[in-house]
Amino acid sequence: MTDKAAQAVRLFTSESVTEGHPDKICDAISDAILDALLEEDPDAHVAVETLVTTGQVHVVGEVRTSGYVEIPQIVRKTLVEIGFTSSDVGFDGHTCGVNVAIGEQSQEIGAGVDASTEVRSGTFEDDDQYGAGDQGLMFGYATNETPEFMPLPISTAHHLSRRLTHVRKEGIVPSLRPDGKTQVTFAYDENDVPTRLETIVISTQHDPEVTQEWLAEQLRTHVVEWVVNDADLSQYYTEDTELLINPSGSFILGGPMGDAGLTGRKIIVDTYGGMARHGGGAFSGKDPSKVDRSAAYAMRWVAKNIVAAGLADRAEVQVAYAIGRAKPVGLYVETFGTAHEGLSDADIQAAVNKVFDLRPAAIIRELDLQRPIYRQTAAYGHFGRTDVELPWEDTSRADDLRRAAGL
């Protein structure tokens, strides 16, 4: 650790992985299947899990739909798009085995979603029809550390991973293979403001003939320095920033041949890089009737609008549901002492209740979630994306929140 690191109040680290990481392959396949089913049937109920290992892809889960899709074809297409096109790179989407074991959604779960507790008790209103697909708690978070209202560490890690994939696919850095990871450590001061980029770690799969010295120079120039300029990180990136590229040495064997992968095993990468709490539910392969996904998106929507409205510098929002019930059983707002203009967290929570309807049917309608938009979220994060447009990143409710808070 450097002297400067020792003087920092805290060091905070976040990681990202590329789309060729085994777990992210699984997320991509599950979301590609989900998108294909939603294209056929917007009301489809989908819960699809994927496992990859050497030469094999296994797809399992539960589905209720009037549509039909060719799952093996979707699996192979997704693998080829990622870059697994030959056994030489550790996996071949053209020839791998694909095993599918998908059953019908439980009728009891389906009944609770289709007719909520409120409907069955005769006390329902508009948007009370659909109950939550499961119990659970979901968090959303936003901060003014970056223009996209995301924590700087996870934003930077994703930026590096996206660039690493770009230079591979475009041939800017030849001899790279799909699997890869990035990690960044930032120093924060006593006011929780990032001050320095302390360490960058990049591990990337590559062809056998590559030397680590050549690879380090290429990635320093075409990935690290490019991202520093593109993301305007020069105030954090200094001559003291430690750069570790493939610190364990060669990385030839990767992808599913190196490690088995599963859907839903990168939930911190998918969200806020550990800067905020997580309810535990994964996203990929789940249709929006599953509040694990839709309510987590809604919480990001709420938190981002709180910060965009200038009500706080940071906001974390929790919501909770009971299976089969439309109305949330809990809502909580935390601003970590950063609320503005004399507001309390309770004031902001009251404003949120006035502006946002957090029943599942309302979330699905307001964010237009019954459409094939999920494959693009399977890698590089579900939040704060600058490369794709996602409805939960909209901040048009900021003015409504200010009015509801009396500002």
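The first residue you see is number 1, and the count goes up from there.
Placed from the backbone N, Cα and C atoms, the Cβ positions cover glycine too.
Predicted, not measured: the structure shown is a model, and the values here were computed from it.
Secondary structure from DSSP puts K266 (ATP binding site) in coil. Positions annotated as ATP binding site by Swiss-Prot: H21, D179, G180, K181, D259, R265, K266, A282, K286.
The annotation Mg(2+) binding site is assigned in Swiss-Prot to D23 on the grounds of sequence analysis. For the recorded site, D23 (Mg(2+) binding site), the DSSP three-state label reads helix.
Residues or ranges marked as K(+) binding site in Swiss-Prot: E49. According to DSSP, E49 (K(+) binding site) sits within a strand segment. On its own chain, E49 (K(+) binding site) has C26, S30, V59, V60, G61, L262, T263, G264, G285 as residues at least 6 apart in sequence with a Cβ closer than 8 Å to its own Cβ.
DSSP assigns Q105 (L-methionine binding site) to coil in the three-state reduction, outside any helix or strand. Counting only same-chain residues six or more apart in sequence, the Cβ atoms lying under 8 angstroms from the Cβ of Q105 (L-methionine binding site) belong to H45, A47, E62, V63, R64. Taken from Swiss-Prot, the feature L-methionine binding site applies to E62, Q105, D259, K290, supported by sequence analysis.
What Swiss-Prot records for 105-115 is region 'Flexible loop', and it gives sequence analysis as the kind of evidence.
Considering only the residues assigned to ATP binding, H21, D179, G180, K181, D259, R265, K266, A282, K286, the longest pairwise Cα distance works out to 25 Å. For K290 (L-methionine binding site), the nearest neighbour among the listed binding-site residues (H21, G180, D259, K266), judged by C-alpha distance, is K266. For the pair formed by G180 (ATP binding site) and D23 (Mg(2+) binding site), distance between Cα atoms is given as 11 Å, rounded to the nearest Å. By a simple count of nearby Cβ atoms, those within 10 Å, the most crowded of the binding-site residues D23, E62, D259 is D23.
Counted over all residue pairs in E62, Q105, D259, K290, the record's binders of L-methionine, the longest Cα to Cα distance measures 30 angstrom. On the 0 to 100 pLDDT scale, the region 'Flexible loop' (105-115) averages 59 in the predicted structure.
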